[in-house]
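Worksheet: one structure, shown below.
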Amino acid sequence: MTRQNENYNRYLLSDWRPENPAFWENKGKGIARRNLWISVSCLLLAFCVWMLFSAVAVNLNKIGFNFTTDQLFLLTALPSLSGAILRVPYSFMVPLFGGRKWTVLSTVILIIPCAWLGFAVQNPATPFGVFMLIALLCGFAGANFASSMGNISFFFPKARQGSALGINGGLGNLGVSVMQLIAPLVIFLPIFTFLGVQGVPQPDGSLLALTNAAWIWVPLLAVATLAAWFGMNDIGSSKASVASQLPVLKRLHLWLLSLLYLATFGSFIGFSAGFAMLAKTQFPDVNILQLAFFGPFIGALARSAGGVISDKFGGVRVTLINFIFMALFTALLFLTLPGSGAGSFSAFYLVFMGLFLTAGLGSGSTFQMIAVIFRQITLYNVKLRGGSDEQAQREAVTDTAAALGFISAIGAVGGFFIPKAFGTSLALTGSPVGAMKIFLLFYLACVLLTWLVYGRRKPKQQ
């Protein structure tokens with residue numbers, strides 16, 4: 001055996017049987033946990049990059065740019081659009097190339113939009129089209145979620161998948177609040193003056209260096225890339241062709257569960273992208289950047305809790321109750337907005353925190369539903385055609401990972417639709433109410449869908 005093969009095999013797990021209790025306790029658990037925590041670190045940074053424009057767009061006009069409100073909302077929405085599209089091919093990558101190698105590549109390329117954005121904001125003559133392109137490149141970070149969640153699903157047994165996926169997705173989602181907490185702080189610090197970065201004077205006498213919000217992530221991404229290269233593993237049994245993963249698209253439940261995930265995760269990422277801009281338009285006297293991080297923080301932690309709670313009480317039950325509360329909070333939001341009166345920022349903020357909480361919790365519970373339902377369907381279908389238990393388990397793992405990737409792609413569309421809907425509604429009517437009415441109707445439809453398809457009986461094996 002060559003030295004190169006020996007080095008490669010250090011990271012390749014050719015024998016991986018997480019459903020075997022003895023194997024799991026003696027060997028599998030430690031390996032799975034190590035891969036999980038490195039994955040969480042990489043995904044957290046990816047979410048920081050993905051939602052970078054939610055903090056940058058609010059400040060662009062303060063440093064010499066002159067973009068309209070609708071243009072700024074568009075910049076916050078575009079990363080979610082490209083991220084959603086890219087999640088489809090990204091969902092194939094782990095079975096094709098291996099989780100370790102793909103995590104390394106997908107993390108290191110995020111340095112490109114961060115570095116470019118840092119240069120772009122230093123020149124007020126930078127065209128809007130350049131910012132649109134950088135925003136679309138930030139979408140590569142959002143696509144990481146599909147491959148990351150699919151990869152982690154290979155490492156854990158069925159009984160622990162809800163918790164593992166909740167931790168990976170929830171703490172990964174925490175990157176949104178980490179970015180929205182750190183960015184408003186670092187843009188007023190002389191971090192990169194040694195590289196010639198100069199802040200733009202503000203009315204209060206401070207210097208705003210928006211470059212810092214982008215460049216601060218570059219060294220962290222480099223460290224995460226090295227951690228993935230030296231600390232993660234590829235699973236030999238996870239290898240699968242694109243053709244072998246496509247049949248999941250024919251299953252009705254993939255599309256039904258996609259709608260539920262669009263309503264939960266799509267809301268979380270959409271509100272994360274657009275909340276600061278929305279609050280600024282409705283309550284311009286409030287410095288929202290000091291408070292914006294708390295909503296994504298609540299939602300990210302709630303996602304982790306959603307997976308754990310669903311493992312205990314059932315994903316369907318948790319998801320159903322959660323959608324009822326999402327509809328309730330959306331209805332209450334109408335009462336907080338400026339209309340004939342000034343509105344109430346305190347009430348607006350508290351109700352929106354409730355929306356972040358339920359969107360995050362529902363993201364975890366719907367992902368648990370997806371993992372459980374697709375595993376059940378695949379096991380049933382393989383055994384129905386006379387396949388062995390080993391074959392059934394192997395196909396169940398591959399199909400579940402493919403389904404998680406496809407559904408996460410559709411869910412990410414909410415990150416584009418929600419801020420764009422707010423921007424369009426404000427441009428047409430001067431109010432976000434029109435967009436909120438659509439959200440309310442969608443949540444109510446999801447209550448009915450969850451109850452009628454999954455709440456009254458087990459899903460049909462199709």
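Placement of Cβ uses the backbone N, Cα and C atoms for every residue, glycine included.
Per Swiss-Prot, the feature topological domain 'Cytoplasmic' maps to 1-35 (among others); the stated evidence is sequence analysis. Summarised as a single figure, the pLDDT of the topological domain 'Cytoplasmic' (1-35) averages 77.
For the topological domain 'Periplasmic' (57-71), the number of residues in each DSSP class (helix H, G, I; strand E, B; coil) is 10 helix, 0 strand, 5 coil. Positions annotated as topological domain 'Periplasmic' by Swiss-Prot, on the basis of sequence analysis: 57-71 (among others).
Taken from Swiss-Prot, the feature topological domain 'Cytoplasmic' covers 93-101 (among others). Summarised by DSSP class, the composition of the topological domain 'Cytoplasmic' (93-101) is 8 helix, 0 strand, 1 coil.
Feature annotation from Swiss-Prot assigns topological domain 'Cytoplasmic' to 146-180 (among others).
Long-range neighbours of the topological domain 'Periplasmic' (202-206) within the same chain, counting only residues 6 or more positions beyond its ends whose Cβ lies under 8 Å from a Cβ of the stretch, are 62, 188. Residues or ranges marked as topological domain 'Periplasmic' in Swiss-Prot: 202-206 (among others).
Residues or ranges marked as topological domain 'Cytoplasmic' by Swiss-Prot on the basis of sequence analysis: 228-258 (among others).
Marked as topological domain 'Periplasmic' by Swiss-Prot on the basis of sequence analysis: 280-287 (among others).
Summarising the annotation, Swiss-Prot assigns topological domain 'Cytoplasmic' to 309-317 (among others). Per DSSP, the topological domain 'Cytoplasmic' (309-317) is made up of 8 helix, 0 strand, 1 coil.
The list of residues near the topological domain 'Cytoplasmic' (363-401) in space but at least 6 beyond its ends in sequence, with Cβ under 8 angstroms from a Cβ of it, reads 19, 91, 94-95, 149-151, 153-154, 158, 161-162, 165-166, 169-170, 173, 237-238, 240, 244-245, 247-248, 251, 253-254, 257, 260-261, 264-265, 268, 299, 302-311, 315-316, 318-319, 322, 407, 411, 454, 458-459, 461-462. As annotated by Swiss-Prot, topological domain 'Cytoplasmic' applies to 363-401 (among others), with the evidence given as sequence analysis.
Beyond its flanks by at least six residues, the topological domain 'Periplasmic' (423-432) meets 69-70, 72-74, 77, 274, 277-278, 281-282, 337, 339 of its own chain at Cβ-Cβ distances under 8 Å. The topological domain 'Periplasmic' annotation in Swiss-Prot covers 423-432 (among others).
Annotation comment: Swiss-Prot describes 454-462 (among others) as topological domain 'Cytoplasmic'.
If you look up Swiss-Prot, you'll see 36-56 (among others) marked as transmembrane segment.
Positions annotated as transmembrane segment by Swiss-Prot, on the basis of sequence analysis: 72-92 (among others).
Annotation comment: Swiss-Prot describes 102-122 (among others) as transmembrane segment.
Non-local neighbours of the transmembrane segment (125-145) in the same chain are 42-43, 46-50, 52-53, 60, 65, 67, 71, 74-76, 78-87, 89-90, 106-107, 109-110, 112-113, 116-117, 169, 172, 269, 408, 412, 415; each lies 6+ residues outside the stretch with a CB under 8 Å from one of its CB atoms. The annotation transmembrane segment is assigned in Swiss-Prot to 125-145 (among others) on the grounds of sequence analysis.
What Swiss-Prot records for 181-201 (among others) is transmembrane segment, and it gives sequence analysis as the kind of evidence. Counting residues 6+ beyond its ends, the transmembrane segment (181-201) has Cβ neighbours under 8 Å at 52, 55-56, 59, 62-64, 118, 122, 207-213, 215-216, 289-290, 293, 297 in the same chain.
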Any contact, the transmembrane segment (207-227) to the transmembrane segment (342-362), with at least 3 Cβ pairs under 8 A: no
Candidate ranges 72-92, 259-279, 288-308, 402-422 - greatest C-beta contact count to the transmembrane segment (318-338) (under 8 angstroms): 259-279
Secondary structure content of the topological domain 'Cytoplasmic' (363-401), with strand meaning DSSP E or B: 35 helix, 0 strand, 4 coil
Selected stretch (most C-beta pairs under 8 A with the transmembrane segment (259-279)) from 72-92, 102-122, 342-362, 402-422, 433-453: 402-422
DSSP helix/strand/coil residue counts for the topological domain 'Periplasmic' (202-206): 0 helix, 0 strand, 5 coil
Result, the transmembrane segment (402-422) in contact with the transmembrane segment (72-92) (3+ CB pairs under 8 Å): yes
Helix, strand and coil totals (DSSP H, G, I; E, B; other) for the topological domain 'Periplasmic' (280-287): 3 helix, 0 strand, 5 coil
